[in-house]
Amino acid sequence: MITSRLLPNVARVTIGSQAAFSTGMATNSPRIKLYTNPISPPGRSVELTAKAIDLDIEVIAIDLLGNDTLKPDYLLKNPQHTIPMIDDGGKFIWDSQAINVYLTTVYSRNEDLYPNDPFVRAKVNAGLHFNSGVLFSRLKLLISPVIRGFKQDLDPEKVEYFNIGLQLLEDTLHADYYIGNRMTLADLSCVSSVSSFDAVLPINNERFPKTVDWLRRMEQLPYYGEANGEGAKKLAKIVQSFLK
């Protein structure tokens, strides 16, 4: 739990990761371990992906204020000391986009999430990069100064900067999902960031009607609450606790 006595350490909070991975196909491997924290949008995208492909994983909670990612054992596995990270039988992968692509490529029997068609896959990849480069990066820019104790309000310019990103998503949504009428990794990635913003500042339905409809559609997934919704609310509660 984050309390006021921990405020001097808040600067060490890491909300997500942008990193790299070492590859290798996994066969007969032990249960995959996911190192994460429910407030991390990228971490929640991995939990969503695991649920979507019916993959049983062991979730290991990382204390974002306790320097867990800076401990020698963790640094040996992930020198960039970020979350999320998975351990698949001794193969350590960090960065949520890399993890999600890996999990669906190796463990999913359904290609809908990450289609084999090169053109469609390229569009999915574009959606993954859109989340990491636009949505999540702008969300982090907005809330990190608050969580770290540097600000006690949400910068209106940064709120609008995120909304400009939402407009790009709004303009992209021509059907039920990011790419047509089938959910892909692009949806599971983007919803982790969009839902986090919505939990902090409800998205304007009049300005972004297609985005709101898409978000509500994603919320109907049977595993959504456990894998993403509860964590988004927890993140929002932490942010709001630091606001004036």
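Cβ coordinates are placed from backbone N, Cα and C, and glycine is handled just like the others.
Taken from TrEMBL, the feature domain 'GST N-terminal' applies to 30-111.
Averaged across the domain 'GST C-terminal' (117-242), the predicted model reaches a pLDDT of 97. According to TrEMBL, the feature domain 'GST C-terminal' maps to 117-242.
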- [ ] Tell me the residue counts in helix, strand and coil for the domain 'GST C-terminal' (117-242), as DSSP assigns them.
- [x] 92 helix, 0 strand, 34 coil
